[in-house]
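Trainee: Take this structure, written in C-alpha cells, and hold onto it; I'll ask about it next.
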Amino acid sequence: MSEATDKQKQVSAETPLERDLKSKQQSIAATKRKQYRDDKSQIRKQARFEVSTTPEPEQSDSSATTATITELPKKRYYRQRAHSNPFSDHRLEYPKSPESMDWSNLYPKQYDISKVEIADIGCGYGGLMIKLGPQFPKSLILGLEIRVQVTQYVEDRIIALRKNQEIINDKKKKESGGGTGDGDDNDYSYQNIAVLRGNAMKFLPNFFVKGQLSKMFFCFPDPHFKQRKHKARIITNTLLSEYAYVLREGGVVYTITDVEDLHNWMVKHLDEHPLFERLSKEWEDQDKCVEIMYNATEEGQKVTRNKGSKWVACYKRLPSPDDCE
C-alpha cells in the first residue's frame with residue numbers, strides 16, 4: 001500500500017513538461033520496437049519460402065569474403081507477457097489433420113514427415129531446440145509456443161542461425177579444398193529445428209499422428225499457482241492421454257521446473273497414468289537430453305543465476321493394453 005502511495009506521489013510531483021517528455025520517450029521506444037519487428041517480419045517472409053531445388057553456382061572468392069553474418073534478434077524488441085491463457089481464443093491456424101499439415105514450409109531443406117519426432121511444448125525463446133538440434137541432426141524438432149512475440153523471436157533466431165551457419169560451413173569447405181558433398185554432420189546448419197505458434201493443450205493431435213513422437217519436453221511450464229487455475233496446467237490426466245497418443249511406445253516425456261509444488265503435481269499425475277512409467281535417477285544421469293534440458297533453456301539459466309532448485313522427472317511411454325493382446 002505504501003509503495004503505491006509513493007508511486008502516486010512521484011507521478012503527481014512530475015511537471016507537465018516532464019510528463020510530456022516521458023510520454024514522447026515511450027512513444028519513440030514503441031515505434032523503434034515496431035519498426036525492428038516489421039523489418040524482421042519481412043526477412044522472415046522471404047526466408048520461410050527459400051527452397052533450393054538446384055545446386056547454386058559456386059561463389060567466387062571475392063563474393064565469399066563479402067558474405068555478412070546475420071544479426072541475431074534482440075529480446076528487448078519482442079516484449080511479451082510471461083504467460084498466456086491457453087483457454088483464450090487466440091485465432092490460431094492449425095491443420096484439420098496431420099496429413100494436411102505442410103511441414104516443408106518449416107523445414108525447407110530437410111523435410112520428411114516421418115522424422116518429425118521431437119517436440120518442445122512451450123518452447124519459450126528456443127534455447128533447448130538450438131542445443132538439441134546438433135545432437136539429433138537426422139531428426140526434425142518442433143517447438144510449439146502460444147505467445148506471438150516469442151514465436152516471432154524464435155523464428156528470427158532460427159533464420160539467423162541457419163544463414164550464419166551456412167556461411168561458416170561454406171568457408172570451411174573452401175579452406176579444406178571442397179566438402180564431402182554427402183551431407184554429413186559437418187554440414188549442420190539448424191535446418192532440422194523450427195517453431196510454430198500453437199496451443200498444445202487444444203490442437204496437438206491436429207499436428208501429429210499416433211505414435212509419431214519419440215520425445216516430448218515440458219520445460220519450466222506456467223505453474224498456475226492458484227487452485228482454480230490448476231486446470232490450465234500443461235500436465236493433467238486428460239492431456240496425458242493425448243500425449244500418450246502421439247508418443248510412440250518407449251518414447252520419453254521430459255519435465256523440469258523450479259517450482260516444487262508443480263513438480264509434485266506432474267509426478268503425481270504421471271505416476272497415476274497407466275501408460276507412463278517413471279525412469280530411474282541413474283537413467284536421468286546418463287541421458288544427454290536431461291543434461292541439455294537442465295542447462296540450455298533461458299529459464300533454466302535464470303534459475304541457475306538465482307541459485308534456485310530444478311526438479312526433473314522423466315517418464316517412458318508404456319505399451320497400450322490393446323497392443324499387448
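Cβ coordinates are placed from backbone N, Cα and C, and glycine is handled just like the others.
Okay, these came from Swiss-Prot:
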- D222: active site (ACT_SITE)
- G122, E145, I146, N199, A200, C219, T297, E298, E299: S-adenosyl-L-methionine binding site (BINDING)
- 51-69: compositional bias 'Polar residues' (COMPBIAS)
- 1-101: region 'Disordered' (REGION)
Trainee: Would you identify the secondary structure of T297 (S-adenosyl-L-methionine binding site) according to DSSP, in three states?
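Mentor: For T297 (S-adenosyl-L-methionine binding site) - judged by DSSP and reduced to three states - the answer is coil.
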Trainee: In whole Å, note down how far the CA of D222 (active site) lies from the CA of T297 (S-adenosyl-L-methionine binding site).
Mentor: 14
Trainee: Between A200 (S-adenosyl-L-methionine binding site) and D222 (active site), find the distance joining the two CA atoms and give it rounded to the nearest Å.
Mentor: 13
Trainee: So how many other Cβ atoms are close to I146 (S-adenosyl-L-methionine binding site), meaning within 10 Å of its Cβ?
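Mentor: Around the Cβ of I146 (S-adenosyl-L-methionine binding site), 22 other Cβ atoms lie within 10 Å.
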Trainee: Record lists G122, E145, I146, N199, A200, C219, T297, E298, E299 as binding S-adenosyl-L-methionine; longest Cα-Cα distance in Å?
Mentor: 21
Trainee: Are there any residues in the same chain, six or more apart in sequence, whose C-beta is under 8 angstroms from the C-beta of G122 (S-adenosyl-L-methionine binding site), and if so which?
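Mentor: When sequence neighbours closer than 6 are ignored, G122 (S-adenosyl-L-methionine binding site) has L144, E145, I146, A200, F218, C219, P221, D222, I234 within Cβ distance under 8 Å.
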Trainee: Test of understanding: give the count of other CB atoms lying within 10 angstroms of the CB of A200 (S-adenosyl-L-methionine binding site).
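Mentor: Cβ-Cβ neighbours of A200 (S-adenosyl-L-methionine binding site) within 10 Å number 22.
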Trainee: Using Cβ-Cβ distances, find the residues under 8 Å from E299 (S-adenosyl-L-methionine binding site) that belong to the same chain and are at least 6 apart in sequence, listing them in sequence order.
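Mentor: Spatial neighbours, sequence-distant, of E299 (S-adenosyl-L-methionine binding site): G124, C219, F220, D258.
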Trainee: According to DSSP, collapsed to three classes, what secondary structure does A200 (S-adenosyl-L-methionine binding site) have?
Mentor: helix
